[in-house]
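Worksheet: the structure to be examined is printed underneath.
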Amino acid sequence: MKYLIVGTGGTGGAIGGYLAADGRDVSFIARGVNRTAMKEKGLFIHSKRRGELHIREPKVYTMEEWQGTADVIFVCVKWYSIGEAAEFLKKAAGPETLVIPILNITDAGEQLSRELPERKILDGVIYVSAFLSAPGEITENGAVFTIVAGPWRPEPQAIYEKLAELKGELEESRIQFEISKDIRSDAFEKFSMVSPFAAAGTYLHIAAEDYEKNPAHMQLFRALVGEVRDVALAMGLSMREDIVEKNVRLLTSCAPDSTASMQKDYEAGHASEVDGLVYQVVRLGRAYSVPTPNYEKIARALGFRE
């Protein structure tokens, strides 16, 4: 299969790097100093799971340079770049291309499908600890690398056959791949960790280690997870009964100095995913008549306007 990675940060770089290291046909969309470094020195992956990987001559392009299409496109951009990605996909995604967005928000597939109604756009989430540690370098330091993806609406059997083929190739490269039967619920389950961690951390200006030190901080995190759960259930999605405790376990297993990328971007004054990760919970709560008092408080503090 021919792959295209749109957004070569930690997530996209790790997916594409693993595949390219095993000789798969992978192209990368990158920009700025990251693209320059990849062109000049290649793509380096410092992996706890696979050791040191070096793709010496990766095929790297800007969106403007790219020509052609691919069998599978992984969209690994930040939420605020989804509009730009949609425009690019109008030329890059063919009628048989599988488009799999891997974003922190819960409805990326639906958003992209509104712009590209004739394309085969699925939805996906990823569980991996990977980040862009320097231009052209990805550090992947966790024990888990799993992609969960599937259709968010009814699709023909041919889609599942292609997903099965994709699963085989990814797992040959040591990326676990699960074909979801309920990707909207699966996406919300991950969101129920990512969003509260970003919201509370940004609001309180704290890192992962501070939650265990201060019961009030942990209480806020628990409340935020509960509000996301309540919204998901009101939307008709399924959520595991122990989701709050599960996410507390995940939080306490994080590296002590861990913060969400949204928090890093927000505190640095850069564009951030605050709208998709925080404000959107408020909007959904109102749309489904679910109280979200803690999200309302944090959203207002971070700049939400009615």
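Just so it is clear, glycine is given a Cβ too, placed from its N, Cα and C backbone atoms.
Since we're looking at a predicted model, the values are computed, not measured.
As recorded in TrEMBL:
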- 3-152: domain 'Ketopantoate reductase N-terminal' (DOMAIN)
- 182-304: domain 'Ketopantoate reductase C-terminal' (DOMAIN)
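The residues of the domain 'Ketopantoate reductase C-terminal' (182-304), classed with DSSP into helix (H, G, I), strand (E, B) and coil, number 88 helix, 0 strand, 35 coil. Remark: secondary structure over the domain 'Ketopantoate reductase N-terminal' (3-152) totals 44 helix, 59 strand, 47 coil, with classes taken from DSSP. In this model, the domain 'Ketopantoate reductase N-terminal' (3-152) carries an average pLDDT of 95.
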